[in-house]
Every structure is written in structure tokens, then in C-alpha cells.
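Data first, discussion second: the structure below is written as C-alpha cells.
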Amino acid sequence: MHSFRRFQLKPAPRPGKALTSPSSILLYCRRGFEKECAAEILVQTQAAGISGHVRAKENSAHVVFVAHEPEILANRAARLRFDALIFARQRIFASGPLADLPVDDRITPLLDTAAGLQRRYSTLWLETADTNEAKELAAFTRKFERPFAAAAAGLLGGGPQAPRLHVFFLTSTAAYLGYTLPDDSAPWPCGIPRLKLPRSAPSRSTLKLEEAFLVFVDRPETMLRPGMSAVDLGAAPGGWTWQLVRRHIRTTAVDNGNLDPALLDSGLVTHLRTDGFRFRPSRPVDWLVCDMVEQPSRIARLVADWAADGAFRYAVFNLKLPMNRRYEEVERCRGLIEERLAAQGVSHRLRFRQLYHDREEVTGFLELVS
Ligand SMILES: C[S@@+](CC[C@H](N)C(=O)[O-])C[C@H]1O[C@@H](n2cnc3c(N)ncnc32)[C@H](O)[C@@H]1O
């Protein structure tokens, strides 16, 4: 059962003080992608019949959708899947902003608001935007966390499936307060998975594929098994191949460039210096991964071609975005793939996400469903 049913946004009639509906949706995104994040939340809320407007300040790394009727947002929130968003790192049902928090007692108004939204929370995350300016608030949030958590103890301890409490500080005296539902949100503070670059990995890009696996692979024990096969298009110097080899997956690495020799020593890698747009494996593989720097629609067509032939089960591919109309470009690529697979009658699951380790790019995931 989905947690929206268990923790209804709409206050259940219960004894005691009635809960209030959150008025806004707060989204964290990569700095510079506020416009894209705003556009997609407007599309998603409109499709769900929730009217509202967005506040999206350039380079603020967050966007706020303000519902014109919070009750409608509450009633229809279950239609808004976090998974369907591309540019949002986290999505919070929020109240606020609470401005002019008294410096000698920020806790009372924050706690009052938290108690008004949900009865109990599983955990507390104090957060700021992913900008250099906001990072200056980190010292403040670190100091504030302990006294606030102590004061909020009565609201916490709701069990792992209970909503998480988020306080998003704009300044040390202004904040949004809200919650996420654990099975319909990102599982990391600030929506950022803090991954360590493995010492033996040949490139930083390795973290993109590691994050993609964390975000998209919901059954790692069946989807990433030792002995599986993969093709890595645009593999050099080998950061993505490294992630596959680490999981004992036999990999054909396609690139004119050199691969880290340690990968070749693993015995699991075949390096082909050929064009990734021409190569096709002689039989279907479990995984296609593709990080070639090319026009996004060209990559989308390539992935669609492989998928139409059933040449893989799962694919992770990176789309390098143009300077303008970036959201539209991702949707165009989605359309290309969807159209092709619909024409072939191929059942599938397709998702896109701008990962934390992505820059001017997004990552796609395509699973063919038999
Ligand atoms: C961003 S790098 C890949 C980095 C790699 N994923 C890693 O983790 O180390 C892009 C690679 O795509 C390769 N590439 C670009 N066009 C290609 C093509 N048509 N066929 C094969 N490789 C291509 C480039 O040679 C380059 O090594």
C-alpha cells in the first residue's frame, strides 16, 4: 500500500487539534535549473488539477509551488509522483516561509507548524539550498540541530515509515517547514547522495553510474547480478565500466580512447575501438550503458533502436543538454523513445533524473518489461 494512504495529507478527523494542509510544494534542484524544475512541477500539478503558481528565483537551487487551494493539493497529492520528476532532487510538502523567526526563540514557531502538519515524524532534517551562499548557513544549522531535535522529541519517533520533518532555512531567521513521505521522496538529506570517489576508479564519472544505480535500480539483487553482461558505449577511461566490473558483470567497453589497464586485467572487459553508433552485440545483453557526448536526440534514437530489437533488459544513458529549452529537449527525447516502443508494442519503464553528479545533463533509465 502506498504511504499516501497511510499518512494522508488530508487531516484525518481525530481527537485533539486538527491538522492543517501544507500550502506549498518545495523542490530542491541543481543551481541554474530552477526554470526547468518550475516548468515540470507546473505540468505535473496541472495534470492533477491542482491550481497554483511557482516562485523560482534564478540560481537559488530551489523552487516553490504555491497551491491556490491547499485542500485540493492535499486531496490530490497522491497523484504527484516524485519519481516522475526530472529536475527535482527532493520534493517536500511545506508550509511557509516562516519569516522573522525570533532569534531568541526560533523553536516555538517551528514546532507549532510541525505539530500542525503531522502527528509524528520519523526523523528531522535541517537543510539549506545547494548554493555557496546557503552553505554559509551550515554552521548555524549544525548548532541549531541539537536543541531543536531535543525540543521536537515528542513529535519524532514515529517509526521508519512516518513522514520525515524538514526545515529548509533560507536565512537564519526564515525557513520553510514541511515533510516528505519515505517511499515517495529522495532518501538523502538535501536530496544529495554523498558518494565517495573510489580510489581505483578511473574517472569521477564513475559516481554518475553509481548514483544512477541507487536511484533507478529498485531490485539490485536481481537487476545487478554477478555473471550478467553489459555494453558500455563511450567507455573511456572506464569509470562506468569500473562500476560494472565491481559487480562482476562482463562488459564490452566501446570507445576509441584508452581504458584504464587495470580494467582489462580484470578479465571481465573486452575493449573495442569502434563507433558506438554502429556497434551491436551478437546477442542481447543485460545492461546497456551509454555516456557518449552527442546530441541528446541521437542518443535517444540509439537507445530506442536497441530497445525495439530487445537488445538489452536495462539501460542507463546520459543526455547532454543544450543551453536552452532543456526541459523541452528531455521531453522530446522521451517522446522519441516512447513513440518507437509503442509502435513496436514493447512494454517498458522509462525515467529521467538530473542526478546530483550530473552537470548540464540528465540520466535516463529504461527497463524492458517482459
Ligand atoms: C564523458 S566520456 C565517458 C566517460 C566514461 N563514462 C567514464 O566513466 O570514464 C565520453 C566518451 O565518449 C566517447 N565517444 C564519443 N563519441 C563516441 C562514439 N561515436 N563511439 C564511441 N565512443 C564515443 C569519447 O571518446 C569519450 O571517451
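Backbone N, Cα and C atoms are what each Cβ position is placed from, and that goes for glycine too.
As written in TrEMBL, here are the features:
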| type | residues | note |
| --- | --- | --- |
| ACT_SITE | Lys320 | active site, proton acceptor |
| BINDING | Ser205, Ala236, Pro237, Gly238, Gly239, Asp255, Asp275, Asp291 | S-adenosyl-L-methionine binding site |
| DOMAIN | 24-91 | domain 'RlmM ferredoxin-like' |
| DOMAIN | 105-180 | domain 'Ribosomal RNA large subunit methyltransferase M THUMP-like' |
| DOMAIN | 203-294 | domain 'Ribosomal RNA methyltransferase FtsJ' |
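What TrEMBL annotates, mapped onto the structure for a quick look.
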residue : record                               : DSSP (3 states)
Ser205  : S-adenosyl-L-methionine binding site : coil
Ala236  : S-adenosyl-L-methionine binding site : coil
Asp255  : S-adenosyl-L-methionine binding site : coil
Asp275  : S-adenosyl-L-methionine binding site : coil
Asp291  : S-adenosyl-L-methionine binding site : coil
Lys320  : active site, proton acceptor         : strand
Residue distribution over DSSP helix, strand and coil in the domain 'Ribosomal RNA large subunit methyltransferase M THUMP-like' (105-180): 29 helix, 20 strand, 27 coil
Inter-residue Cα distance where the pair is Lys320 (active site, proton acceptor) and Asp291 (S-adenosyl-L-methionine binding site), in Å: 9
Pairwise Cα distance for Ala236 (S-adenosyl-L-methionine binding site)/Lys320 (active site, proton acceptor) [Å, integer]: 17
Binding-site residues (Pro237, Gly238, Gly239), the one with most neighbouring Cβ atoms at 10 Å: Gly238
Neighbourhood of ligand 1 - recorded positions from Pro237, Asp291, Lys320 with Cβ under 6 Å: Pro237, Asp291
Candidates Ala236, Asp255, Asp291: member of the binding-site residues with the richest Cβ shell (10 Å): Asp291
Fewest Cβ neighbours within 10 Å, where candidates are the recorded positions Asp275, Lys320: Asp275
Summary of DSSP states over the domain 'RlmM ferredoxin-like' (24-91), given as helix, strand and coil counts: 27 helix, 17 strand, 24 coil
C-beta crowding around Ser205 (S-adenosyl-L-methionine binding site), within 10 angstroms: 19
Taking residues Ser205, Ala236, Pro237, Gly238, Gly239, Asp255, Asp275, Asp291, which bind S-adenosyl-L-methionine in the record, the widest Cα spacing (Å, whole number): 20
